[in-house]
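Positions annotated as domain 'Anoctamin transmembrane' by TrEMBL: 196-622. The transmembrane segment annotation in TrEMBL covers 205-227, 239-257, 310-333, 353-375, 396-417, 429-451, 497-520.
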Amino acid sequence: MQKSLSVYDSDGSTFVPLVVIELVSETKEEAIAWLLNRVRDKQQDGGAELLVEQLTPGAQGTEKDNPNVYVVGASWQRLLYGAEDVGFFKEFNDGSMRGFTYANKHNFKEFQGNLGMAECQYIIKHELDNLRAKDEAHVPGYPKMKLYPGKSVIRRMQSKGILVQVFPLHEKEELKRLSFSWFKKIKLSFQPLDDIRHYFGEGMALYFGFLEYFTLALIPMALIGIPYYLFDWEDYDKFTVFAGFNLVWCTVILELWKRLSASLAYGWGTLSRKKAFEEPRPGFHGVLGVNPVTGRAEPLYSNAKRQLRIYLVSVPFVLLCLYLSLYVMMIYFDMEGWALMIHDEEPTLWTGLLLFIPSIIYAVVIEIMNLIYRYAAEFLTGWENHRLESTFQNHLVLKVLVFNFFNCFASLFYIAFVMQDMVLLRQSLATLLITSQILNQIMEAFLPYWLQRRRNKKAHKRMIKTMEDKELPLSEQVKLEADMSTYLGTFDDYLELFLLFGYVSLFSCVYPLAAVLVVLNNVTEVYSDAFKMCKVFKRPFSEPAANIGVWQLAFEAMSVIAVVTNCALIGMSPQVKSYFPESETQLIMWVVGFEHFLLASKFILTFVIPDVPKHIQIKLSRLEFESLEALKKRHQKEPVYKRLTYRV
């Protein structure tokens, strides 16, 4: 950890500031003193036992600077105890991954340097989040800000607007090395996933790992698609072979990814890590009661009321949005008919270009509708008042996926199976794919960077220069990072990959260059995402993860739809229809039977290919066996009278 970030605590010993806490400038003194004391208090007294100091303004400080900014750190011993509390798995001397314990720390490889800065910051965040009210009736100085025993102090102050933000600091030297190996040099090599995990955490590393894996998995599709496009563009019959390849490809890559993610998670110590007990999310509200599991006081909300909100408000709203999407789609087809009519009347170069205008406009409208719906879905899911963050995310993902899938693919399904116009399907797919990729690159990379420069151009230039070339005073670094945009998570990134996977797996048999375009998009996505993580956004807190979560189910659901879609496209081809010249019913029965066979094969393949590689399964089983044996030995060493039970 860099010396330039060292400050002194009240005892005169140095500590490295890891996390920043910013309160509003007009926060009352008694509330500040109470919060800082709770952060410093011993754990047995209900505190977090962390080091915290007020940030002193630098030489360039002004009266407008917020004085209520504090840096938080911890002693190395406290961090090691915290690593045990949060359940970190570390490499043992025998090479296996085991749950870290302070008492056994010398049996872990390089335990003195075994905690990365991201893990230390995660520990501090965990301790701050678990800072709970004791017997206080309210936050000192704020009589209306009620507290009750067991309530998270940090979350309460955040929800009431006293606490502005809590964020981890960047580490200049580590960031410089990571940037150089990640995106500053354009080269054909794998991403430094271990370095990304070390700096940003497992959740972020798994996203970039999946992005890299998805890109590599697309290369066979792209290599097959190029000759199909060059030599058989107008011969739709031969695309049935490409559709058949699609069916196998979309199943195999997802199963192999589960094995790869398991290997990565095991090496990072998150595969066997037990999931922590989830606390109520900050926005959850209800009548004060007692949690039967923890015994702590917390808000309680009727599940019946939540279900009524979901089925009487949320579901009708989603259906209304789907209807509006369908209405916009029909307007798009009217525009297509108008452009085609003009071109037929006067076939020139300009009218030929006019044929692409409706698809481009429709692609832009789709992105705008997706963005508006996203905000509406977030508001609606928050209004449903889910207790847990995981439940909130699952309902939000479901709402967004349903609408985005319908909004992006409804027109393609209509063209393919109602109009049965393969030429228009190729044109629409190509236009939608290219336009959406351009818009996503603008929205995800260039727009945040431009807004950051526009908001504070001078500060941004100074940040780029000082953070890369020379030491930056702590006060200046905190001020610059506090003004940076906040990274909102990998939701939108996974959503983009989900839609691209849909374009490739559903309809690439009629537009073989789809895989090529997605490969090019993903290559630029790696560099743009890496740039914005290192230069545009605040450093996010690391999130331990063993897999990509609910998105794995989303991709698998898309692969099932891809099987049905590609079977239908094969059945519509003139080559297949020629085998059933007299009976359309036999054709339908053949297609349905073939589709059922492929789905059955897909699910059998899911069970045949283990999610976890055999060598990792053996290591996990051995660890479980040793844990049970150790428990038996400890039980046998106990005095007999402690193990006897008496009946009265």
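Even glycines carry a Cβ here, placed using N, Cα and C.
Where the annotation comes from TrEMBL, it is an automatic prediction and has not been curated.
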Mind pulling out the one from 205-227, 239-257, 310-333, 353-375, 396-417 with the most Cβ pairs under 8 angstroms to the transmembrane segment (429-451)?
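Most Cβ pairs under 8 Å with the transmembrane segment (429-451) come from 353-375.
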Cβ pairs under 8 Å with the transmembrane segment (396-417): which stretch of 205-227, 239-257, 310-333, 353-375 has the most?
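Checked against 205-227, 239-257, 310-333, 353-375; highest Cβ contact count belongs to 310-333.
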At a C-beta cut-off of under 8 Å, are there same-chain residues at least 6 beyond the transmembrane segment (310-333) that contact it? List them, or none.
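Residues packing against the transmembrane segment (310-333) from afar: 358-359, 361-362, 365, 369, 373, 376, 380-381, 383-384, 395, 399, 402-403, 406-407, 410-411, 414.
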Counting only residues 6+ away from its ends, which parts of the chain sit with a Cβ under 8 Å from the transmembrane segment (497-520)?
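Result: 210-211, 214-215, 218-219, 221-222, 224-226, 228-229, 236, 239-240, 242-243, 246, 249-250, 401, 404-405, 408-409, 412, 416, 422, 425-426, 429-430, 432-434, 436-437, 551, 554-555, 558-559, 561-562, 565-566, 569.
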